[in-house]
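Working notes for the structure below.
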Ligand SMILES: CC(=O)SCCNC(=O)CCNC(=O)[C@H](O)C(C)(C)COP(=O)(O)OP(=O)(O)OC[C@H]1O[C@@H](n2cnc3c(N)ncnc32)[C@H](O)[C@@H]1OP(=O)(O)O
Ligand SMILES: CC(C)C(=O)C(=O)O
Ligand SMILES: [Mg+2]
């Protein structure tokens, strides 16, 4: 019968036993500097791929890692396959490893694999030889068939073999690394015992340290418990001053990043992981995530992700696996807000932000531009959006600075379309909707004549008379009015022409930047027919004409509501 989730999972699974570390110090620690980074993309990442990388992809990955700034790169498991062996040979014989980069290779604690590993390394300048064997009780029991003494002996014998083989190749600068595999599932006292035995064999010194790498081969506890384990080892290990303490988290519980960060707080010096978290099962630690978490705390990670999208494309090509659109820092959607209230806050914060200020941007933990992203995708409009997002797009891409009440009015137009269509609207779509609704340029004004006459001492202001021709629907209409300014005169003319009262309640204007010619836009809030309040928008090279067009835009909209717009527009004539 098909098995189902258990009502009493304690019958099948047991909780991780807490670590006895009442005086733990890591909770008060702060991350103030970057760790040593080691990429294992070409080994742990590669061994988890559906199709392991071919030589061209491996080389591309290696060069990308070098460009990012990794100084330690695990390049393979040379005794496991001819492909891995050949790749290590290629790097060495073609001199493809920069002087400041150390390659690292993995080997099991088995004689023939170690011999083959050293064969692959002939002529290398600097190498980390990484030895591992399983230490967890289940692995001792079912895989190795050894008791604790037997496993310690396995590790020490092969650590000695490595030491001796390295001594026979003095032209290479060697560093040794030991990983008790499945450290996360192993009793701490046994982990300490085996690590101490290995480091006693290697006899590292503070100036020639070895690396002790503690993997959560399978993540099986909360990150605070992993941190307790790391602090325990950090405090208990012998020869600690001659050890670079490394961690190698996997992500089975989805907390690989947290585990790594807390492990650093607990005393680790070095992290192993992969770009964007590729690796066995749910992946290795995502090194980009940790590096950029540090960056957003003001700590330089020493790795360069200035063009994070190019790096993602390379990684996707090499791994033949996509990066999720919501992946931290790099996903397509991670700098995008669809929700109206988020958009509103971002728009206001961008407007308030001054150059050189500390980054304090709602909903954006990092400046997308630092990672080679533009602000274009920061706001995208769908049915969850509000006026702020719509206004932001029209301003960023079309230079329109809509007054607040016009934003509210136009967002209702957009929402009505969204309610029917439900699809995302880009700035081009929004502009098309705006142009259709307000016709800011359609009202063709021609032969505008403005005559101004100063009134005498007893009079007030100026007496202005406006005559204009309005070409609409293939016909030429005349508008003629008088007032104390061109706009007032024009409004009077339109009132006379339509028989409808028009009152200007509010007026905004600005120049439109961009384009060959200077242009202006006018936004008029009008009361038309004594009741309805609404906006008209006009654009023209001439500011006065823009405001006249805005009057026509608003009147057309108001009259178009009660009767068919096209015919009503035709009626607005003298
Ligand atoms: C957690 C990690 O990521 S560890 C890295 C794992 N990486 C990989 O496995 C990828 C590359 N691996 C390989 O290509 C192969 O597994 C090899 C070359 C390492 C070994 O291949 P094979 O000798 O054919 O063995 P196989 O793959 O079946 O591995 C199981 C054998 O290794 C033995 N073994 C496993 N770990 C160890 C160890 N640390 N020390 C000694 N023997 C070990 C097992 O006992 C088993 O031996 P058995 O066949 O006598 O029962
Ligand atoms: C070889 C070791 C470090 C490993 O990959 C693991 O335990 O996850
Ligand atoms: Mg691993």
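The backbone N, Cα and C atoms fix where each Cβ goes, and this holds for glycine too.
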Review point. For the Mg(2+) site that TrEMBL gives with 248, 250, 284, which of 44, 54, 463 also belongs there?
Key: 44
Practice item. Just jot down the residues in the same chain as residue 44 (Mg(2+) binding site), at least 6 apart in sequence, with C-beta under 8 A of its C-beta; none if empty. Key: 74, 248, 272, 274, 279, 280, 284
Practice item. Could you name the residues, excluding 44, 248, 250, 284, of the same chain that surround the Mg(2+) site, i.e. Cβ within 8 Å of the Cβ centre of those residues, in sequence order? Key: 40, 215, 217, 249, 272, 273, 274, 279, 280, 283, 285
Study note, to complete from the structure: Of the binding-site residues listed (248, 250), the greatest number of other CB atoms within 10 A surrounds the CB of 248
Check your understanding: Within 10 Å of the Cβ of residue 284 (Mg(2+) binding site), how many other Cβ atoms are there?
Key -> 30
Revision key, fill the gap. Those binding-site residues among 44, 248, 284 lining ligand 2, judged by a Cβ under 6 Å from any of its atoms, are 44, 248
